[in-house]
């Protein structure tokens, strides 16, 4: 702080006291601080043991586009959009599909907005979503949700890979299927179709793991190529839909060739087009040829696209079907007709399709490789969420307007010769959509395999689950290789499940927190939802049992400070993390208490304390009584004072406790020290002392103020000293103007915190906040500090204007010399007075004055000290002039409280004179001295 006006101050125990001023001011000079920018930034943060350690690993430094927006879009636009959205429209109808999409997209959008709010409210380290959760809800919640989120990303990679295999074998090269084309129609979970999924899925997984192992920068450069193909496929769908809606032509579509043994009760017209009266049917071309005794070209069989208006009408309402039904309520033959393989309901469709809208955390999980996570994550994530939501809505409407309902229900495209239904809309070629859908699975799986190991590495790095410690290691290129190997193993286990619809159910293990997410979980599968909650509880209790010794200032421990007995046991009896720090007030009142008279100073102190209670902290008001505790009369008086104090606290709307304490002149120091050390219980004890500036003519009051302030600093409490307390407003006032912070010293942000708490109260709410920082004569350095301070208050979401003030090196004025001479004259007269008073006094008082003389010797100066005193007085006067010039009508001025000297004589007759000069002609001043424990953290 003002590196002790008067005596040299002791070293700051917490290292939080950094100077904005430079060598041209005698009071603020601190030669060891050479790197001004480093000292400026370090004053604002309280890093964990590993979070701020300088890393030897290189970051990719990705921006918004390559780091968040494109990876998130690529993750969201996966295979489900191409191979399941049309089927959802066919089952649920357009109206209910739009409701389903609204639920899914609203869930992700609200999550994105909440994520952005947290990501921009502090520093986001590597670990993304896990880092945010663990630093806000605690190690237990962070670990539980983080592990499940990691598993969800890993299993999602498997889902995308299996979906890609389905596209490849069903629609691109069916001849690659092991067991031939016939194997593609066996939907038994242990049949040849799912075995193909498992074999080819494993091969694809190995290929993608090798790509990811080459580094995140390589993946993010390769990803746009895949995403471009996906975008082209989507555009081809819209182009084809518009083209067919305008021309209303019949597009040739081949029929599937499956042996059937049923009599044809359907007819072929003279043009030999298949006209179906019931539903898409699997037709054997050879059977048709034998029936008609004429060869039939497959090109002559087509699916007619009707007018958009009629299609839209047919596709509006839901038409859920049971397993093995060909139409709602109409059973079909599995080997002959297109039947459903599952019983469809709205909640089943929600469960299957919801993974298509997830993936919004992709950019967040890459936070360790982002150049500016606080800027990139919000803009990139929200933009990607809105973009993909628009695409989903447009595609759903397009499918309902362009494709017949019976074809929409054909999940695998069996009635159109194993073609993808979406590809029938494509223009100019169906291959554009088919290849695009395949590459979408490739890109989405890459993003999952890239982000999941980094999430695991961040959990392991925090060392809250010891068994994961080996996965904290990374390569020289900052790649979590061990995490990638574990991710590959888990993904392979998921691939062995084989089916996209089965894997999709496990997607919800990571969705916890919001009510909408819980609804989706339990609506999809309540058994798996309960299992997810159970796993979360087990991990939470395990981390809690292991101790959760990581101290990140999470909300759970902050909440414990405001609850009752259970919270007292919950709160650890040690200094809280800076994020949990709040003013726990000890209001020290020294006045002449009376039942009849109201002391305005005491009442104003209680009003000020009430206005600081936006922090919802503890408040204990203590009345100091100069009397003995042995007398019954004095005890009765103390009880009256306590009752009066309690009533005054109610009147001031200050919730807290009132106490009284007795003291005598010879016990003053011990009483104050004992009070500071013993008051409170467990972790709930005062950390901030609120004092009133004493009447300088009242020696006893000055002595008591001296003890309170010195003991407060010695006990590492934050100290607030109100000067001009009778001018402070009461609860009924509404002030308009400015609250000015004169930030002479970067003390960790305590001045800003107190100002912010005051502005939360209705009395000060109408005041604007201004910050004046003492700068350097070098404009470039001052501007550098101003920008750093502006960015800091933006990250804290504090609305304030920042101004830099330069103090020029002026000559020592006559005013300075005059005030310094008065100070020296006063010191000499005090010394002479003590020497005279010592003679003729009784022993006790004489010994007391002897002690005072010893302490006052520190106030007397040698010639060299006198010269230094002149420079300090010069600084105080110049700073006072600057404050008056810039804050002439401010409602409140907040100043750093200089660290008091240890010598009590120097305190009273040097230190207090300087503070008086520093605040001369200022209406309301609040001195604030931080202990270093209340450093505001942005991590």
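Quick reminder: no glycine exception, Cβ is built from N, Cα and C everywhere.
Note that the coordinates shown come from a computational prediction; the quantities given were computed from them, not determined experimentally.
Transmembrane segment is the annotation TrEMBL gives to one range among 263-285, 286-308, 309-331, 424-446, and that range is 424-446. Range annotated as transmembrane segment by TrEMBL, chosen from 222-242, 453-473, 537-557: 222-242.
From the options 181-198, 199-216, 559-576, the stretch TrEMBL describes as transmembrane segment is 199-216. Between the stretches 130-151, 592-613, TrEMBL puts its transmembrane segment entry on 130-151. Note: the stretches the transmembrane segment (382-403) and the transmembrane segment (93-118) are in contact (3+ CB pairs below 8 A, sequence gap of 6 or more). Distant neighbours of the transmembrane segment (199-216): 60, 62, 157-158, 161-162, 164-165, 168-169, 176, 178, 222, 366, 369, 442, 445-446, 449-450, 453, 477-479, 481, 484, 488, 491-492, 495, 498; these residues of the same chain sit at least 6 beyond its ends, with a Cβ under 8 Å from one of its Cβ atoms. Averaged over the domain 'Amino acid permease/ SLC12A' (68-245), the predicted model reaches a pLDDT of 82.
With a threshold of 8 Å between CB atoms, the same-chain residues lying at least 6 positions outside the transmembrane segment (157-178) that come near it are 78-80, 82-83, 184, 192-193, 195-197, 199-201, 204-205, 208, 355, 412-413, 418-420, 423, 434-435, 437-438, 441-442, 444-445, 448-449, 452, 487, 491-492, 494-495, 497-500, 503-504, 507. For the transmembrane segment (62-87), same-chain residues at least 6 beyond its ends with a Cβ under 8 Å from one of its own Cβ atoms are 159-160, 163-164, 166-167, 216-217, 220-221, 223-224, 226-227, 230, 233-234, 352-353, 355-360, 362-364, 366, 369-372, 375-377, 379-381, 383-385, 387-388, 391-392, 395-396, 399, 403, 408-409, 411, 420-422, 433, 436-437, 440-441, 443-444, 446-448, 450, 500, 504.
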